[in-house]
Amino acid sequence: MWQLLLPTALVLTAFSGIQAGLQKAVVNLDPKWVRVLEEDSVTLRCQGTFSPEDNSIKWFHNESLIPHQDANYVIQSARVKDSGMYRCQTALSTISDPVQLEVHMGWLLLQTTKWLFQEGDPIHLRCHSWQNRPVRKVTYLQNGKGKKYFHENSELLIPKATHNDSGSYFCRGLIGHNNKSSASFRISLGDPGSPSMFPPWHQITFCLLIGLLFAIDTVLYFSVRRGLQSPVADYEEPKIQWSKEPQDK
């Protein structure tokens, strides 16, 4: 059994080493906002290492492969169904961490560049209108209280976030003569040393390989055990008959 397990373990170890040595691909959004309105245009860019023989890219939406192999994946007119997690992978890069994109319906949307901020991070907020219609007299509100007012629409920048900046945000302004408000969005701050939302991909790969090795070990164990027990079960003790020699008569 150990003679069978050793080559398998070597193969899995080699594969794990190759995976650990590869750089992870990265997905970037252009524009940078993770929340958009319907009919907005969004470009997802994949950065990774390519091989001379293969410069194609694999794109995934909610873990399903997208039939697209270019470095840029363009969503010309976003729809709610385009919401979800996006990943990419190149020939010489491991699969990227997921980037979450949300597509909303409405007149106004409070946009942000990240889902989770750390203390000290800059926070960029934007009061975005459907079809980029002009918005005037924009107010950003935190926990129901006015935080910043702009006569002409502008982004709200918090240079270094503190825990006092966490809370529920929304914006409101005039589109034409109509007063419109966005839905609320909660901004949460984590500690700088807090772990990432998603475990590193090489850790996931290692766990999968260990699980696969355990499954192979179990199958081989029972196969060898069955093979050793079968001859014993089929064995029957021979019957011995004694006969007297002629001189014993």
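Cβ coordinates are placed from backbone N, Cα and C, and glycine is handled just like the others.
Record note: of TYR73, TYR140, TYR235, Swiss-Prot gives the feature phosphotyrosine to TYR235, with no matching annotation on the rest. The disulfide bond recorded by Swiss-Prot for CYS171 joins it to CYS127 [selected from CYS127, CYS207]. Nearest to CYS171 (disulfide bond) in space, judged by Cα atoms and limited to the recorded positions CYS46, ASN62, CYS88, ASN164, ASN179, is ASN179. Geometry remark: ASN179 (N-linked glycosylation site) versus CYS127 (disulfide bond), CA distance 13 Å. Take the Cα of CYS46 (disulfide bond) and measure to each of the recorded positions ASN62, CYS127, ASN164: the nearest one is ASN62.
Between the C-alpha atoms of ASN164 (N-linked glycosylation site) and CYS127 (disulfide bond), the distance comes to 21 Å.
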